[in-house]
Every structure is written in C-alpha cells, then in structure tokens.
Amino acid sequence: MATESFPRPIRTHRRFSALLAATALGVYVLLIVGATTTITNAGSACSTWPTCHVPTDPLSQTQLVIVWGHRLAAVLVGALVLASVVAAVVGDASRRVGATLLASAGLYAVQVGVGAATATLGPAAITPGLHLGLGVVIFGGVVLALAWDLEITTGEEDDAIELDAGEPEPAATADERTLPSSGLERAKLTGFAYFKMMKPRLMWLLCLVAAAGMALAAGPALDAHTIVATLGGGVLAIGASGTFNHVLERDVDRKMSRTADRPLATDLIPVRNAMVFGGLLTVASLGVFLTINRLAAALGLAAILFYSVVYTLLLKPNTVQNTVIGGFAGALPALIGWAAVTNEIGLPALALAGVIFLWTPAHFYNLALAYKDDYARGGFPMMPVVRGETETRKHIVYYLAGTLVGTVALAWITDLGAIYAAAVAIFGAVFLWTAVVLHFEQTEAAAFRSFHASNAFLGAVLVAVLVDALVLV
Ligand code: HEM
Ligand SMILES: CC(C)=CCC/C(C)=C/CC/C(C)=C/COP(=O)(O)OP(=O)(O)O
C-alpha cells in the first residue's frame with residue numbers, strides 16, 4: 001500500500017475502481033435481497049445453515065428460492081470484498097482505502113455470523129435491525145473506499161475557481177429583437193415563453209414523486225379525483241415557483257449562457273406580467289389542492305415558498321449547501337401525494353421524501369460540473385466553483401450511496417417487492433457506473449451521462465413503486 005498523493009496513474013487504477021464499484025454494488029444488491037428475504041418472511045422456509053432442507057409445500061419453495069438467492073449472493077459478494085482487500089494490499093491503494101476495506105471485510109465476517117445465528121436461532125434471537133445495520137455500515141465502508149480511491153487517482157489538489165459576479169450584460173430588449181410580424185406568430189412565441197417559465201421539463205419526475213406518494217398511501221384503491229387534483233395542483237405549483245424563480249433571477253440569468261435567452265432575461269415578458277402569472281398559478285394550485293384537503297394545500301404552498309423564496313433568494317446565492325438544503329422543495333411532493341390520500345404525514349412518505357432529498361445533490365452536481373463556468377459567472381457558490389470538481393465528484397458518489405441506502409430503507413418500511421428490487425439494482429448500477437466513469441472522463445459529455453442516469457434511476461424507482469403498490473398487491 002502507498003501513502004496518499006495526487007494524482008496516481010489513471011490506467012493502472014481503472015480495474016481497481018471497477019472492482020470496488022462492483023463490490024459496492026454487490027453489497028447493495030445483498031441489502032436489497034436481504035430486505036426482500038425479511039419482507040417475504042422467506043427465512044422461515046430454512047432454519048439450517050449454511051444449506052437448507054427442501055420444504056414440501058409450494059409457498060415455502062418460493063421462499064426457499066429467495067433464501068438461497070440471499071445466501072449465494074452473500075458468498076459471491078464475500079468473494080468480491082476479499083478480492084478488493086487483496087487488490088488493495090498488493091496494489092498501490094492508499095493506506096486509508098486499504099484500512100477501510102479491511103475493516104469492511106472484518107465486519108463482513110461478523111455479518112456472516114449474524115446471518116447464521118438468525119437462520120438457526122430465528123430472527124427473534126437477534127437484536128432487531130442488527131443485520132441490516134451492519135450491512136449498511138459495510139456498504140458505507142466500501143463506498144468510502146471507492147470515493148477516496150477515485151479522489152486520489154483522478155483528482156486534483158485545488159481545482160476551485162473564483163466567483164465572478166460581474167455586471168449583467170445589457171439584455172436584448174423585446175424592441176431590439178426581431179419579433180415575428182404576424183400577430184398569431186407573436187402570440188405563439190409569447191404563449192410558449194409563458195409555458196417555458198413554468199419549467200415543464202421538471203414536471204414529469206416531480207409528478208412521479210407525488211404519484212408514488214399517493215400509491216404508497218392508497219394502493220389499488222387510489223381514486224381518480226385524488227390523482228387528477230394532486231397532479232394538477234402539483235403542475236400548477238411547479239409552474240408558479242418556476243415563474244417566481246425566473247423573476248427573481250432575471251439579472252443573473254443574463255450573465256449565464258444557459259439562461260441568457262429566458263423570457264424575463266430578454267424582456268420578452270414584463271416582470272409585472274410574470275408576477276401576475278405566478279400569482280394566478282399559485283391561487284389556481286391552492287384552489288385545486290383544497291378540493292382534496294387543507295394539508296395538501298399547505299404543503300403545496302410550502303413547496304412554492306421554499307423553492308421561490310428560501311432556495312432561489314436565500315440559499316442559492318449564499319451557500320454551497322444550496323442544493324442539499326434545496327432538496328427539501330423537491331422532496332415535498334412525496335408528502336403532498338401521501339397527504340392527499342391520508343390527510344396526514346406518514347413514515348413511508350417521509351422515507352420516500354428522504355430518497356428524493358438524498359438523490360437531489362447526486363442529480364444536480366453533474367449539471368453543476370457541466371455548467372461550472374456559467375455558475376461562476378452568475379456568482380453562484382455551487383460546489384464545483386467554490387470547492388472544486390474533485391470534491392464535487394466525490395460528493396456525487398456519497399449522495400448516490402446515501403440514495404441507495406434510502407431505497408433499501410423505503411423497501412423495508414413499505415414492503416416493496418421484486419420489481420422494485422430489480423429496478424433499484426439495475427438502474428442503481430447504471431447510475432453508479434456513470435458516476436465512476438465521470439471521475440476518469442472529466443468531460444461535459446460524461447457529466448450529462450451521469451445526470452441522465454440520475455433521472456433514469458429515480459424515474460425507474462418511482463415507476464417500480466407505482467407497479468408494486470398499485471398492481472402487485
Ligand atoms: C436543489 C434542487 C435541484 C436543482 C438545483 C436542480 C437543477 C436542475 C437544473 C439546473 C436543471 C436543468 C434545467 C434546464 O436546463 O432547463 C434540471 C433539470 C431537471 N431536473 Fe433538477 N434540480 C433540482 C431538483 C430536482 C428534483 C427534486 C427533481 C425531481 C424529482 C428534478 C428533476 C429534474 C428533471 C426531470 C430535469 C430535466 C431533465 C431533462 O431535461 O432531461 N430536479 N435540474
Ligand atoms: C410542488 C412544488 C412546487 C415543487 C417545487 C419543487 C421544485 C420545482 C424542485 C425543483 C428544484 C429545481 C428544479 C431547481 C432548479 O434549479 P435552479 O432553479 O437553480 O435552476 P436554474 O438555474 O435553471 O434556474
């Protein structure tokens with residue numbers, strides 16, 4: 001093992017990173033299969049260890065397949081953990097990485113003992129949550145080793161840049177721009193500009209979050225009015241907060257190439273009209289939410305205020321943690337969906353909100369990397385600007401790992417089944433892979449790949465929640 005220095009030869013290290021990523025993923029799949037074993041009470045089909053007797057009734061045989069799946073996966077993943085330790089010791093991994101892997105391997109051996117005791121003595125004999133808790137700690141250890149190794153291998157010591165809050169470029173006013181001469185064309189252009197202010201590209205995923213919240217609460221009994229009113233109110237609320245965000249950021253939007261053509265930055269839409277539009281959308285949204293219940297409306301208002309005021313005005317220009325804390329706004333639709341059905345806030349909704357909260361930095365930091373110079377021009381203290389790209393890439397891995405643990409907790413709390421387990425494992429693997437590749441290919445294309453993988457991951461997880469909760473109950 002070697003002492004730490006930046007950077008190590010990248011080529012020799014790709015295979016070690018791939019091994020660590022595969023090991024982390026293996027432990028994650030094991031956590032998901034383990035959760036499935038508990039949820040389906042599959043352990044009751046096998047009280048011997050390490051092998052099982054074949055039971056006679058068909059139900060127990062399905063359970064037996066799950067138990068065997070868990071045990072075989074444990075053997076394979078154990079081999080991966082061992083291989084990682086050996087590769088760290090004989091290779092040039094840093095001491096910190098090697099020690100963390102060694103500790104994870106030690107805990108893995110303890111975990112095998114806990115598993116054997118659970119099987120032979122019964123789950124009641126073991127402290128509740130011990131097996132899952134140890135699994136999460138092992139997962140955390142392997143992910144830390146992966147993130148640190150990637151940092152040492154591919155990172156740079158000090159790659160933050162200066163915030164450059166220069167004066168805004170004078171906007172091309174509506175008079176100066178060539179607007180279409182035909183009235184109809186002008187109306188179309190203006191109509192489209194209002195539509196764009198509502199940030200429509202975000203809506204599908206936020207609606208899926210709210211839909212998953214509803215599905216977890218209601219199951220197949222979910223009624224059409226609740227669905228239409230919740231998603232309708234949600235779309236209007238996103239439109240309202242997006243519009244206020246456009247108003248409040250019109251000056252900085254002019255300085256950033258990604259946002260310079262926004263309708264308020266180019267004066268296509270006057271500020272007053274945008275404020276009226278945002279106000280009308282807010283009132284309409286609250287009106288629609290109120291046809292369900294007051295809690296849903298209050299949460300909708302909280303989401304609008306949080307995104308427009310707390311995030312846009314207070315957090316975004318002032319703290320590097322803007323994205324992390326801002327994640328509360330995106331997590332609120334999970335609570336709105338649940339509250340629309342139950343008129344209260346329940347633990348499954350909080351678990352779903354937790355997944356969205358943890359996912360948000362892993363989602364946005366990719367864009368922050370791709371638009372780093374733009375954000376610096378806008379004067380925003382985004383992570384890659386003030387802490388550097390190396391730190392940002394590491395945080396993507398941390399938050400991605402946190403999200404994966406969140407998905408296990410969600411399965412645990414809500415009894416989600418096989419479709420969900422398959423979706424989180426497959427799309428989690430793709431997301432983790434793109435995040436690892438992002439360390440080696442430090443390009444905009446790699447950042448966008450990881451960004452799209454983040455959206456595909458959350459989309460797939462939420463669709464799986466819908467299928468599991470609405471169809472397979
Ligand atoms: C602080 C929190 C967040 C920040 C800073 C953020 C930032 C961004 C930015 C800058 C874009 C690009 C928008 C554009 O160019 O028009 C984007 C796209 C997107 N975001 Fe986020 N986001 C956050 C949270 C969320 C949440 C909670 C969701 C949904 C659950 C979400 C879903 C999406 C989707 C679906 C896209 C569009 C992807 C596409 O066009 O392919 N975002 N986000
Ligand atoms: C139900 C409801 C109202 C939910 C609101 C939650 C919401 C819209 C969350 C998304 C947050 C988001 C996309 C921020 C965009 O970043 P940005 O504003 O920094 O992006 P920009 O630089 O493109 O303006």
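First residue shown is number 1, and so on along the chain.
Even glycines carry a Cβ here, placed using N, Cα and C.
According to TrEMBL, the protein carries these features:
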type	residues	note
REGION	159-180	region 'Disordered'
TRANSMEM	66-90	transmembrane segment
TRANSMEM	97-117	transmembrane segment
TRANSMEM	129-148	transmembrane segment
TRANSMEM	202-221	transmembrane segment
TRANSMEM	227-248	transmembrane segment
TRANSMEM	269-289	transmembrane segment
TRANSMEM	295-315	transmembrane segment
TRANSMEM	322-341	transmembrane segment
TRANSMEM	347-368	transmembrane segment
TRANSMEM	396-413	transmembrane segment
TRANSMEM	419-440	transmembrane segment
TRANSMEM	452-472	transmembrane segment
Checklist entry - Do the transmembrane segment (295-315) and the transmembrane segment (347-368) come together with 3 or more C-beta pairs under 8 Å, pairs six or more apart in sequence? => result no
Next on the checklist: I need to check the long-range neighbours of the transmembrane segment (129-148): which residues 6 or more away from its ends have a CB within less than 8 Å of a CB in the stretch?
Outcome noted: 17, 20-21, 23-24, 27-28, 30-31, 34-35, 38, 81, 84, 88, 93-94, 96-97, 100-101, 103-104, 107-108, 110-111, 114-115, 118, 394, 397-398, 401, 404-405, 408, 412, 436
Item to check | Listed stretch, out of 227-248, 396-413, 419-440, that has the most CB pairs under 8 angstroms to the transmembrane segment (452-472) | outcome: 419-440
Next on the checklist: Taking contact to mean 3 or more CB pairs closer than 8 A (sequence separation of 6 or more), are the transmembrane segment (322-341) and the transmembrane segment (202-221) in contact?
Outcome noted: yes
Next on the checklist: For the transmembrane segment (396-413), give me same-chain residues lying six or more residues beyond its boundaries with a C-beta closer than 8 angstroms to one of its C-beta atoms, as numbers and ranges.
Outcome noted: 24, 28, 31-32, 35-36, 38-39, 132, 136, 139-140, 143, 146-147, 150, 347-348, 351-352, 354-355, 358-362, 365-366, 420-421, 424, 428, 431-432, 435-436, 438, 450, 454, 457, 461, 465
